[in-house]
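Structure record follows, encoded as structure tokens.
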Amino acid sequence: MEIYGLGIIAVCMFVGSFLGNILGNLLGVKGDVGGVGIAMLLLVLISNYVESKGKPFPEKTSKGIEFVSFLYIPIVVAMASIQNVVAAFKGGAVAFLAGGLATIGSMLLIPLISRIGASEKNYNITK
Amino acid sequence: MVINIISEFFKSNGLVGAIGIIALVMYVAYYIANSIGQKRMGSAFAIIIGLVLAYIAGKYTGGKKGLADIKLFAGVGLLGGGMLRDYAIISTAYGVKVENLKKAGLVGIFSLIVGVLFSFIIGVIIAVLLGFKNAVDITTIGAGAVTFIVGPVTGSALGASSEVIALSIAAGVVKSVLTMIITPIIAPKIGLNNPTAAMVYGGLLGTTSGVAGGLAATDPKLVPYGALTATFYTGLGTLIVPSIGFLLVKIIFG
């Protein structure tokens with residue numbers, strides 16, 4: 001059933017949030033630290049584990065998970081529509097500079113890091 | 001009478017109303033994207049429309065919660081709130097294969113770590129240069145330069161204000177849109193023409209919609225390689241930015 005898929009995400013979210021809260025407490029930060037990331041890793045591990053055992057999730061179960069992931073962009077759109085954009089615009093330069101420079105800088109790093117990958121491959125071949 | 005019936009419906013069925021509104025926004029965004037031949041920019045347009053609506057609503061109501069401050073649209077607050085957002089983000093990890101991560105290899109992992117840290121540091125530097133002093137605000141804006149998901153996740157984890165979270169989303173949206181526009185233009189100059197470079201590209205830029213859009217406009221054959229590493233970027237970002245990132249910012253800027 002599709003609801004099993006929804007339930008699997010829920011379990012991952014609970015475990016992730018639990019561990020995130022423990023991590024938050026250890027770091028002295030109020031609330032959940034990295035819980036979403038932990039939950040994502042958990043979902044990757046669970047789905048890969050059941051597949052490696054030769055018993056992947058039934059089609060309807062995975063449809064349930066995929067359904068939620070298709071809602072991801074619409075939910076982000078809803079999230080954008082409830083932000084305090086009026087206040088954000090007052091300090092707008094920070095958004096354009098931070099986003100813009102991060103993008104352009106990252107792109108300029110591509111040839112540098114690709115070269116590391118290429119030389120690594122040569123190394124493996126000569127070995 | 002008609003207006004009464006409509007407003008009663010939205011009041012007692014807020015979430016359903018919100019789903020309808022967002023579906024309409026998505027439709028309009030993809031219509032615009034299709035008509036200018038940029039199909040993949042649909043999600044970026046939808047987010048921009050969402051931010052514009054939040055701006056109009058904020059001007060109109062003077063409130064802090066954008067569209068949700070208009071009683072008729074209060075349900076959008078539920079749909080776009082932290083609970084469903086986190087739930088949906090987690091689900092996107094489904095289908096990622098551990099073996100594919102291994103295939104992306106050391107250089108993929110390396111570019112992921114460099115990508116998240118580089119964007120975060122750039123965002124932090126800009127935030128500090130433009131006068132933000134609070135460690136929570138600086139971290140949240142830095143997180144926004146990572147992606148428009150990592151920004152709000154970090155912001156809500158650290159208890160940042162809605163203004164700063166909106167700034168971090170805006171920074172992420174700027175990144176996503178710019179990635180789609182710039183990639184096909186500079187691809188030949190940065191050697192983005194092979195699978196290794198595409199994996200590095202996905203790991204460095206990370207914004208999933210931006211990477212998919214940018215690569216599709218460059219060479220559709222490269223899309224799976226870039227999307228592969230990009231899938232891990234948001235997860236890594238939400239994992240290390242509110243934890244290690246915040247800790248570092250706190251140590252340096254108090």
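Cβ atoms are placed via backbone N, Cα and C, with glycine included.
Because TrEMBL annotations are produced automatically, they should be read as predictions rather than curated entries.
Annotated features, as they stand in TrEMBL:
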DOMAIN    B:7-253  domain 'Malonate/sodium symporter MadM subunit N-terminal'
TRANSMEM  B:12-33  transmembrane segment
TRANSMEM  B:39-58  transmembrane segment
TRANSMEM  B:70-94  transmembrane segment
TRANSMEM  B:106-131  transmembrane segment
TRANSMEM  B:138-158  transmembrane segment
TRANSMEM  B:164-186  transmembrane segment
TRANSMEM  B:198-218  transmembrane segment
TRANSMEM  B:230-253  transmembrane segment
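Taking every recorded stretch in B:70-94, B:164-186, B:198-218 and counting its Cβ pairs under 8 Å to the transmembrane segment (B:39-58), the highest total belongs to B:164-186. Most Cβ pairs within less than 8 Å of the transmembrane segment (B:70-94), among stretches B:12-33, B:106-131, B:164-186, B:198-218, B:230-253, belong to B:12-33.
Among residues of the same chain six or more beyond the transmembrane segment (B:12-33), those with a C-beta under 8 A of the stretch's C-beta atoms are 39-43, 45-46, 48-50, 53, 67, 72-80.
Note on the domain 'Malonate/sodium symporter MadM subunit N-terminal' (B:7-253): mean pLDDT across this stretch is 87.
Using a Cβ-Cβ cut-off under 8 Å and counting only residues 6 or more beyond its ends in the same chain, the transmembrane segment (B:106-131) has close neighbours at 137-139, 141-146, 171, 175, 196, 199-200, 202-206, 228-229, 232-233, 236-237, 240-241, 245, 249, 253.
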